[in-house]
Every structure is written in C-alpha cells, then in structure tokens.
Amino acid sequence: MNPYVLAILLSSLGLGTTLTFASSHWLLAWMGLEINTLAITPLMAQHHHPRAVEATTKYFLTQATAAAMILFASTTNAWVTGEWSINDLSNPVASTMFVAALALKIGLAPVHFWMPEVLQGLDLLTGLILSTWQKLAPFALIVQTAQTIDPLLLTLLGATSTLVGGWGGLNQTQLRKVLAYSSIAHMGWMIIVIQYAPQLTLIALGTYIIMTSAAFLTLKMSLATKISTLATTWSKSPVLASTTALVLLSLGGLPPLTGFMPKWMILQELAKQDLPLIATTMALTALISLYFYLRLCYAMTLTVSPNTTNSSTPWRTQTTQASLPLALFVVSTLGLLPITPAILMLTA
C-alpha cells in the first residue's frame, strides 16, 4: 500500500477514536465510530484476496448495522428527553438498543458471530488493529453510559461472552479464530464488572491490549496461522516458541503472569458485591478458555512436528518485523503482576 495512503488511513483511525473519546454529544460520538469503520476497511481489503474481501464486507455490514442502531437509539432518546448529551440516557428502550449496538460493535455474545469469520480473513497485523484499537471507542461509550444501563443485561452479556468465548475456541485449528474467541471471552470479563468498578474494566482493557498485541506479534514473527504450523516453531526458534507459550498462558490468566491480575481483581470485586454465583461462573469459564491455550502450548512445545504437515518448514524465521515493539509487549505481558498493589492504590 502507498505509504501516504497508509498514513492517512492510520491518522483517520486515530482521529475517529479521539473524536469519540472527546465527545459528549451523540452525533459526534457516532461520527467518530463511522470514521473508524471507514478508515480500517481499506486496510482489511488491501491484499485483494477473496477471503480478505469477504471479511471486509462482513465487517462493514455489521458495523454499519450497529452504527444505524446507535443513531436510531440516540434519536429516540433525544425525541423523548430533548437531550443529545451522552450522559443523559434515561429512556430504557433507547438504552437497551444502544447496548445491543455497542455489543455488536465489539463482538459480545450473542452478537459475536461476525468476529471469528472476519478475523480469519485478515492478515495478523490488521487483525491486531481490529482486536485492540477498534475496541477503544465503543468501550469509551459503554463506560460513560454504564450506570444508566440495566445491570441484569450487562451481567447476562458478560457471562454469555465468557462462556461462548471459552466454548467456541475449544475446537479450532486456526490461530486467528482462537484469538477471536479469546477476545470475546476477555470482553465478557470487562463488561461484567463495568457497573460496579469501571476502573477495573479499564485495567482489564489495558492488559488485554498488551497481551493480545504480544500474541499477534509473536505469531507474526513465527509466521504461524494454524496449529500445525505452530508445531514447527520449536525447531526454528526455541526462544520464540517459549515466549509464545508464556504469552498464551498469560492470556489464559495463569498466576505468575500479567493476565492473572485483571481476573483476580474482577473476581475480588464480584465477591465484594455479594455475587458469589457469578464470580464462580466466571472462574469456571476461565478454565474452559485456559484449556485451549494449554492445547496450543502443548502442540508447540511438547510435540515433535508431524511429517504430514503440508507447509514447508523454513529453518530460520524470515521476518522484516521490528523486534522492539514485540519485546516491550512480551515483557509487559509476562511481568506486570508484581505492580498490582500500585495499580490498586491508583484506582482506589
């Protein structure tokens, strides 16, 4: 892609998200979301592959539907209350419609079906932008309006997403689909606690972005998009294979790694709010998610690459990728658990 065009598209992505962050008016927020969608569409279709074009079309249709629902919800709210302010979402019909639209935007269950299909059709870097940056603007709107939304609806969305995210990833052989289901499960963790402690949602979102970036960049470095290719990583680069395994375990939320921190704090908050049943359900769904991360780690580090693999095995990792972002994200993914007390003090 032409570097000038790429610079314009990436600037538009930044502009759309910033516009939504800074707006207190529904139309400005909607405009920011639309700029975001229109800026990422050419990035998704840049390879001119049928799968990429199909993924772009699916993404555009779902995002356009969600944007139309947001516009309809905000117009309904303004019609009833006479207010266009984001913080004044007092009409229950508009608020429910608005949550449904934002759930569709970020891929929460049960409106998550587009997410694995779209991510599977993209290359890893565009998939990284879709899984991280594109979540920021809708989440800003959800955080602003969380107190006016029905708590039962948020709890149902969160619990369903963690369950679907764990269940859906179990039978996958494509790594991008696994990461899509992982994303759905993490979104569920953030949504379930947003009504009680929005600052924990922001911490969970930050750690999710760090861990997902590390996962996508390590897979990009090892040129792996499916489990059978991942099995050949050990012979090419043992250090990279070990790093990828640890990053995946961090995504699963194992204790010595960064991924354990948000889950621990969210479970603690749910227990504090006298919701032991929901906390137990969330912990059990985290175990389902952990299973498929362990499956990837097993395939990568504890099995010898099978001779029936169809892909040729390069003996050196050929990549032009800058290693500094990868190193920073990996270190953050593996070693931020000790600063949990500092983060708790900042959010208190």
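Glycine residues also receive a Cβ, built from the backbone N, Cα and C atoms like all the rest.
Residues or ranges marked as domain 'NADH:quinone oxidoreductase/Mrp antiporter transmembrane' by TrEMBL: 23-288.
The transmembrane segment feature in TrEMBL is assigned to 60-80 (among others).
Here TrEMBL flags 92-115 (among others) as transmembrane segment.
Residues or ranges marked as transmembrane segment in TrEMBL: 152-171 (among others).
What TrEMBL records for 178-196 (among others) is transmembrane segment. Here the transmembrane segment (178-196) has long-range neighbours at 106-109, 112, 115-116, 118-120, 127, 131, 135, 139, 142-143, 146-147, 149, 151, 154-155, 157-166, 168-169, 172, 204-205, 208, 212, 215-216, 251, 262-263, 266, 269-270, 273, 278, 282, 285-286, 289, 292-293, 296, meaning same-chain residues at least 6 beyond its ends whose C-beta is under 8 angstroms from one of its own.
What TrEMBL lists as transmembrane segment is 202-219 (among others). Under 8 Å from some Cβ of the transmembrane segment (202-219) lie the Cβ atoms of residues 124-125, 127-128, 131-132, 135-136, 139, 143, 175, 179, 182-183, 186, 189-190, 193, 225, 230, 240, 243-244, 247-248, 250-251, 258-259, 261-262, 265-266, 321, 325-326, 329-330, 332-333, 336, 343, 347, all in the same chain and six or more residues away from its ends.
Per TrEMBL, the feature transmembrane segment maps to 239-257 (among others).
Non-local neighbours of the transmembrane segment (277-294) in the same chain are 155, 158-159, 162-163, 165-167, 169-170, 172, 178, 181-182, 185, 188-189, 192, 248-249, 251-254, 263, 266-267, 270-271; each lies 6+ residues outside the stretch with a CB under 8 Å from one of its CB atoms. The transmembrane segment annotation in TrEMBL covers 277-294 (among others).
According to TrEMBL, the domain 'NADH dehydrogenase subunit 2 C-terminal' annotation covers 290-344.
As annotated by TrEMBL, transmembrane segment applies to 326-346 (among others).
Note on the domain 'NADH dehydrogenase subunit 2 C-terminal' (290-344): mean pLDDT across this stretch is 78. Tertiary neighbourhood of the transmembrane segment (60-80): same-chain residues 26-27, 29-30, 33-34, 37, 41, 88-91, 93-95, 97-98, 100-102, 104-105, 114, 118, selected by CB-CB distance under 8 Å and a gap of 6+ residues from either end.
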